[in-house]
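Peer 1: My questions all concern the structure below.
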4 protein chains.
Amino acid sequence: MSSRVAVGVLGATGTVGQQFVRLLAGHPWFEATWLAGSERSEGKTYADAANWKLATPMPDAAAARVVQRPVPGNGPKLVFSALDANVAGDLEKAFADAGHIVVSNARNYRMDPLVPLLIPEINPDHLELLEQQKSAYGWKGGIVTNSNCSTMFLAMALAPLRALGLTTCNVVTLQAVSGAGYPGVPSLDILGNVVPFIGGEEEKLEMEPQKILGRLAGDHVEPHPVIISAHTTRVPVIDGHSEMISVGFASSVTAADIRAAFDAFSGLPQEIGLPFAPPRPLVYLEAENRPQPRLDVERENGMAVFLGRLRPCPVLQHKFVALGHNTVRGAAGAALLNAELMQAQGLL
Amino acid sequence: MSSRVAVGVLGATGTVGQQFVRLLAGHPWFEATWLAGSERSEGKTYADAANWKLATPMPDAAAARVVQRPVPGNGPKLVFSALDANVAGDLEKAFADAGHIVVSNARNYRMDPLVPLLIPEINPDHLELLEQQKSAYGWKGGIVTNSNCSTMFLAMALAPLRALGLTTCNVVTLQAVSGAGYPGVPSLDILGNVVPFIGGEEEKLEMEPQKILGRLAGDHVEPHPVIISAHTTRVPVIDGHSEMISVGFASSVTAADIRAAFDAFSGLPQEIGLPFAPPRPLVYLEAENRPQPRLDVERENGMAVFLGRLRPCPVLQHKFVALGHNTVRGAAGAALLNAELMQAQGLL
Amino acid sequence: MSSRVAVGVLGATGTVGQQFVRLLAGHPWFEATWLAGSERSEGKTYADAANWKLATPMPDAAAARVVQRPVPGNGPKLVFSALDANVAGDLEKAFADAGHIVVSNARNYRMDPLVPLLIPEINPDHLELLEQQKSAYGWKGGIVTNSNCSTMFLAMALAPLRALGLTTCNVVTLQAVSGAGYPGVPSLDILGNVVPFIGGEEEKLEMEPQKILGRLAGDHVEPHPVIISAHTTRVPVIDGHSEMISVGFASSVTAADIRAAFDAFSGLPQEIGLPFAPPRPLVYLEAENRPQPRLDVERENGMAVFLGRLRPCPVLQHKFVALGHNTVRGAAGAALLNAELMQAQGLL
Amino acid sequence: MSSRVAVGVLGATGTVGQQFVRLLAGHPWFEATWLAGSERSEGKTYADAANWKLATPMPDAAAARVVQRPVPGNGPKLVFSALDANVAGDLEKAFADAGHIVVSNARNYRMDPLVPLLIPEINPDHLELLEQQKSAYGWKGGIVTNSNCSTMFLAMALAPLRALGLTTCNVVTLQAVSGAGYPGVPSLDILGNVVPFIGGEEEKLEMEPQKILGRLAGDHVEPHPVIISAHTTRVPVIDGHSEMISVGFASSVTAADIRAAFDAFSGLPQEIGLPFAPPRPLVYLEAENRPQPRLDVERENGMAVFLGRLRPCPVLQHKFVALGHNTVRGAAGAALLNAELMQAQGLL
């Protein structure tokens, strides 16, 4: 008999859902005992319902499970949400209302003032908002969200720069196709091509970091004042978002200051040893042409953010490159780390 | 008997050389009668010497020509240079010294204060430097250069913004592999990948536009004071450099001002109808996800710069996308337009 | 006033429909005056209705046309069909019944014994089946089909080998994504990947050539007895199907015999000079690593089939490579050539 | 103090050498204590000398080693050879002469009648040729080779079919770029393209399996009489060669017979539990569109061959798909398994 905590996955058959299933397969604390899907999948085994698109085989335990209807009240207390935004709004609320803790990857509640937009290395104290949620919304459970995938790598890189007086940021992303799900980006649009637009993405990248990097002030989060300009593009890469980042500061900062801040950055997950916490959240690569998706995205189990090419920016002050695994640290892995923190803090 | 002006090509067998050969094939004014190559190619027919990598067949006339040794004094007065930078320094000087007009795509003399870094739509008057060259260097001929490929699209987009008080620019490029020549970028480095570094490219992109956009003041060019920060990356695209550009101004400028400036931009090549001049140098595309390399790079014979997605930038003032054909308008086509301008002005 | 014959396009907004619109734009005989689409497109301009995916701009005349509902009896006598197979069955029949000549790219009627599966270089006499159609089906008009895209290149290559005693053929295809339409193949399935299966494709490739290469015997076509084994795969290429072909013969045949047969191959379209007829239907490339999609597929306006690497096959007798443009000669261009032949023969 | 057997790697800095270094890093029996490279690398640390191109980080132990000059007599008794064919001929012989056991991935000695072309699941008894080598060539050591990468997957698939009366085979490969080393295939040649030719590859694929599948008859190998026709192509895939295979038999064989032969196939490595032996050498995938490089090539640590789509072939008798990891089971992993077998049999 397993002593692991039973957890569920909403939207288990999609691409993010598949990452949840993969990452939970060997998890030391959690066991995915309940996989929920759309009507089309309900009643089928997961093996039959999911069009598995990961390069590692489907875990045997998951393959044999029967996909459930996502009925609030059914399933374990902790449910991960890999739902599409068009259904996540109603369904996540219903699950929270019914007493579930919903650890969500969807965008719907991220900017809700009472919902933590959680990155455990940066703002673990934002979990205190869960109490506000209960009283304000009358939910028996609650909702905790992780950020947009591109936001994750940017916020992680900017977090240690707050103490240096960070004021402005320009970011251009080169994003992988797995971020768009399946079927997602048609091959005719992206083979040998660049699409200089991703719907709704720039808005997220300009707003979410302010909340994530913000300070909990009693019952709300005071956004960090960094001003961000984002330009997001799609490139023919399977996994791994690259970001070209320039940063400005209130006063003059040296490259050594920034580098030291990157290297020293660590957080609660590292301190208390959460299973999915990367040893170092930010890994700086010295080679002049790194990080690169093909060579670096799978390192550290896809949970670290890789940095490189720190150098002066003639317009702002400094510039550098960031890279992260969009469906791991940028999605399912982020939610898992969130849930691990909550479990470690007795919130589940 | 042809009434076209005989011209030569230095470095005719490489990838840029091949574009020269292709573009000259149907040229109304010029005829490529002299193709020069390295020792390895000398004496072979062009068909045997060139490893043709373009998607249109090698022109028959070129195929049959015997590749010549690049001896200064041999060949026509006008020679296009598609030489690699490691040999262009000595060889172009020797040709200029021997009385040739060298219209070069190489980087070696671009920043020489007496060498025009010419974009006919922007700075046709810089050709006056040719006189300075003769007296200062004692050359019987001269050297005229075109810009780096990425610089071309940036400089074209910035040129009309000078009048609006342009002060700063942040640019991130997503560059095609054809810009690196052949064999160039190994497929292991770029298939499904992004390389966030191109050696020497950012420096060119930060400096060349200042000279191009500068003002001829008597015997020298006063650089334009725009401050540029560049981040250059390589992506798995065959032809077409995409650029994500943010711009700042001395005072507040509206999007309508910028758009009007783009639409109104035209120059001497358009006015006097040079054969390779695109009807409109800047073509603004309205769709929210354009320009794209696969869909737009071959339009206007690869001689226009395509713009799109003009919108506010929270950090500077405005941002937009630019795209151009790196081996046509960004290389061989640029040199051809330069030569056309010189021919029209009686400088050949 | 145009003296060109008015023609219509069914399914004009899809990827094959777009090729029809592009190819018809400059056509000397035909003018696309009627573009029909699904309910979703009806009433919009073509510019608004079509998600244009070709690398050349949408023709201005087409852009301004209002997309029509596909009502039989409406529209010109000659209609090209770029319909999906799931609607082509009923709709093409209804149009034929109402007096239209339907020149179709859909698969539905290809194997109908009374419908010509026409390749003008190979079996122009199969058009005589149109008379059988009328009497047997009571249609006032008729249906003429072109082959599957992969079949086209195979059938063209095999046609001249019939006279040498062709008996068997093994073919493996490497097919471009444009053959699957839009959105078609998801990028997650094909970036850096090979999919060794295309639904229904192998069956077509094994059957259609027998009909195409067959002999008209009074009121029906006697299939050619060549036995074909096909293995079809999808590769990350935009346009251009490559085929690795081995052929066996009733008795021993030399490579010189085959090469001579390829070089001599020509047909009625070449003889009577149909506008879209390639000067040589089969173009043999001598280089040991050709034909290649990127370098060769756009040659001859995409209407020829490119061959190469003829050499002995230890199992059958000879092997070689074929390449063709799947959405031009393999689809819309094939239908146009069919219509040109019919126009030239007074059948329209 | 390590109790593992010290081993060396010749050509350690190239792409196959890197795979040796990666695979040896955690090996239970062998320890790579001696890494040899070209003059250019000699004296540098491996971290400095190798342009690491694998998606997993360079092992720390290897990174710190100083690259050695490949002097016969120096280094451990067992040396793996990842040498290029242009130097492997002389160098491997010199090492064998000096007493080393050379387990080579190079092609030079594969067809030497006295050198085992070893696949432990198929022909472990061919190792007896080592004795013939010594007496015939006077070597104190010896040379053992693994097959060409494409041959590996074909030979593994054909091995169980010998007992069913296999007579003929047609194979078309779609090969990954990593098989060509680094820099290897230029991106301009392969992005969005197919190259229908790989120099020398078809000859290997037609000959090597006959030797591998052959019978040891006293002092030589009697080649298996299967007649193979190969067509090899390069596709834009990083790792994983796909093969479309048709097979003929002396008499009629059922699909069930073939499937049973695939499923039952196992060999000495599985029996004695060699560390790198895949549990099942042939893994048949039931889905109609598998195996695929992106989804399957990393399974079973890249040491199994994946099969699928068994179905009738109208020309021969049956056809199916095979896939293998070209730089693991097709190169370094194959050599490791060879060495493991020799170690287990006391030959080292």
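Even glycines carry a Cβ here, placed using N, Cα and C.
Feature table excerpt (TrEMBL):
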type	residues	note
ACT_SITE	B:C149	active site, acyl-thioester intermediate
ACT_SITE	B:H241	active site, proton acceptor
DOMAIN	B:6-130	domain 'Semialdehyde dehydrogenase NAD-binding'
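Burial and contacts for the listed features, if you can.
Peer 2: In the structure as shown, the Cβ atom of B:C149 (active site, acyl-thioester intermediate) sits within 10 Å of 27 other Cβ atoms.
There are 31 other CB atoms within 10 A of the CB of B:H241 (active site, proton acceptor), with all protein chains counted.
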Peer 1: Three states by DSSP: which one describes B:C149 (active site, acyl-thioester intermediate)?
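Peer 2: DSSP call for B:C149 (active site, acyl-thioester intermediate): helix.
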Peer 1: For the domain 'Semialdehyde dehydrogenase NAD-binding' (B:6-130), what is the mean per-residue pLDDT, to the nearest integer?
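Peer 2: A mean pLDDT of 97 is what the predicted model shows over the domain 'Semialdehyde dehydrogenase NAD-binding' (B:6-130).
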Peer 1: Helix, strand, coil: count each for the residues of the domain 'Semialdehyde dehydrogenase NAD-binding' (B:6-130), based on DSSP.
Peer 2: 40 helix, 26 strand, 59 coil
